[in-house]
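*Asks:* Reproduced below are the annotations present in TrEMBL:
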REGION    1-56  region 'Disordered'
COMPBIAS  15-24  compositional bias 'Basic and acidic residues'
DOMAIN    67-706  domain 'Choline/carnitine acyltransferase'
ACT_SITE  His373  active site, proton acceptor
REGION    407-427  region 'Disordered'
REGION    587-643  region 'Disordered'
COMPBIAS  589-605  compositional bias 'Polar residues'
Amino acid sequence: MPTSLDKSLASADAHISDANEPKRSNGAAKEATQAYSKGEKTPLASHTNPKSKPGITFAAQDKLPQLPIPELESTCKKYLSALKPLQTIREHQHTEDAVLEFLRAEGPDLQDRLKKYATGKSSYIEQFWYDSYLNFDNPVVLNLNPFFLLEDDPTPARNNQVTRAVSLVVSALSFVRAVRKEELPPDTLRGQPLCMYQYSRLFGTARIPTENGCQIGQDPTAKHIVVLARGQFYWFDVLDDNSDLIMTEKDVALNLQVIVDDAVQTPIYEAAKGAVGVLSTENRKTWSGLRDVLSRDEGSNNSDCLNIVDSALFVLCLDYTEPTTGADLCMNMLCGSSEVEKGVQIGTCTNRWYDKMQIIVCKNGSAGINFEHTGVDGHTVLRFASDVYTDTILRFARSINGQAPSLWASSSPDPSKRDPSSFGDVSTTPHKLEWDMVPELSTALRFAETRLADLINQNEFQTLDFMQYGKNYMTSQGFSPDAFVQMAFQAAYYGLYGRVECVYEPAMTKLYHHGRTEAVRSVTTESVDFVTTFWGENPPAQKIELLKKACEKHTVITRDCAKAQGHDRHLYALFCVWQRSIDEEGTEAASSNGMDSNGYSSPQDGLSERDPSSAIDSPGRTSMLSEEGSVNAPSPTHGQSAHAMPTIFADSGWDKINNTILSTSNCGNPSLRQFGFGPTSGDGFGIGYIIKDGSVSICASSKHRQTK
């Protein structure tokens, strides 16, 4: 069974003590990786070097600096700056008063409590961040899980489903092996090693709903994958106990072809009735109850089936459709298609399991990744996608020239030359999971599919491949490419609606131990000056001058955020500390004050949540949202009871900054064709973008606003 990550989070914290603090710094982290040879740090560039010694992946972990808790005054100042361009003069005056009162009254005490809470922890925000995801009750599809659409395979023979899927699986397993053997070179930023903790959370993990929120379970020794075809489930082992591959590409291809052929035997109208994966798109509490139903009967297979799916390395979804347009491909990777025939859902939305990382391959070989976002950010999954894509090309190169380099420091022994008995207790034959569909489940599945189809139909997607110019031109003109594109989004929104709204972009904070992301608030006084001037009858030189100023300001804020000196995460942590104190003291006082303490338990109202996203790369997410629209926390009165909400959080500015209208994220490289996620509010847009050397790829989603 996958075990809860709570224990491993606690054990990770146990390694941290004040005695260890002095050795944590960027310099110490850099030194830890410098001890490895060039060949170990970049096996691809030094493919003739002897095998690297294991350990480089996490070599710098114990040396990375702790995520700093910003100064309270600095955070409040940045918070006011972020709100100023979004508020009227009167609203801003109210917020300034609320912030001053917070600094005078509860603020310093909450800051002290936060520092005390953070002592001995991996990071002051980590547990709060996990909780914000795991307490989210709405469906994860479209609300939390982002997607990547990979570029088509550049090698000629891999343009059909089975060959492409095999290639991706074999490369993915080589990546799993490199992580487990600690041979994967660490991510770096200008030579500085980044935190690699998330890679240990990428495989064999599952989001598991319970009555009291979700848990993340993990089987760190997982050896099998689960394959979905036409809503039916199959599994087979792919690794031995040593994490070496036990199947050749040919073996895996044979298995996948057998699975595809078997899945076709069941008419699609029949298969739809047992497509249990649809249940993973339900509200989390509903899904938790249905999992109980699944595993209730003593003699039922269902418990074993659930366990096999939860503990798989990842899920491979083989779709029978061939989407052709960019928008349809993106939709397929994010939420699947909804197509009802003869009253039965036969779209690809039934061929998914959203509680795990999924590699999705269409009939024509188009492929993508959809991932559960709680424990990993876009930057981490991007490295996985990039290495998998690179490896497929290099393996093709080695089929032409055996001396071509490898991405991996060492490789699995050739399975075809091994004695099968050396594989250990494994099953390489595909097995079909037979679910016992009791009437209660069949009914629940039908209702879940209805809700899912509604949810899919409430959202729309559009893509743009902007080919006129890209990163090279922007930098040649003296602009930060990310800032430049961000200003384009703000200008487009202002041109459509005549106003500025809250914009969110995540910035990666992996320079720090267990760092995740910080929220960049892209709307500034400078950006408002630019967009209003841009749409006015003004000379181009003036527009460009203001664009430069707006971009420079954006760059300054982004750099601050990358150094963990933004205001969002800090204020959210203070909010959580306050809430925790309310919970600990009993909820009677809170409820008598007209507050439901649960109203504040997740980013629904508090934080840029999808966020959980990585700036340089991940879906910027923000206030969590139901299918019907945004869920806002009740605004408590300014009562002076002991449990009165701190003024900064009771003020309307807090609601304003946490209702993201443009949720944006810059994540990608040439291995990706598109990247995206759903809108985070009922009247908002979700915008994923990839800035390439000569082009910009954008995927926008909304609930049928001006997406196109």
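Each residue, glycine too, has its Cβ placed from N, Cα and C.
Heads up, TrEMBL stuff is auto-annotated, nobody curated it.
The shown structure was predicted, so the numbers you read here are calculated from the model rather than taken from an experiment.
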*Asks:* So, by DSSP, how many helix, strand and coil residues make up the region 'Disordered' (407-427)?
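*Replies:* When I sort the residues of the region 'Disordered' (407-427) into the three classes, I find 7 helix, 0 strand, 14 coil.
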*Asks:* So what's the average pLDDT for the domain 'Choline/carnitine acyltransferase' (67-706)?
*Replies:* 91
*Asks:* Around His373 (active site, proton acceptor), how many other C-beta atoms are within 10 angstroms of its C-beta?
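*Replies:* Around the Cβ of His373 (active site, proton acceptor), 27 other Cβ atoms lie within 10 Å.
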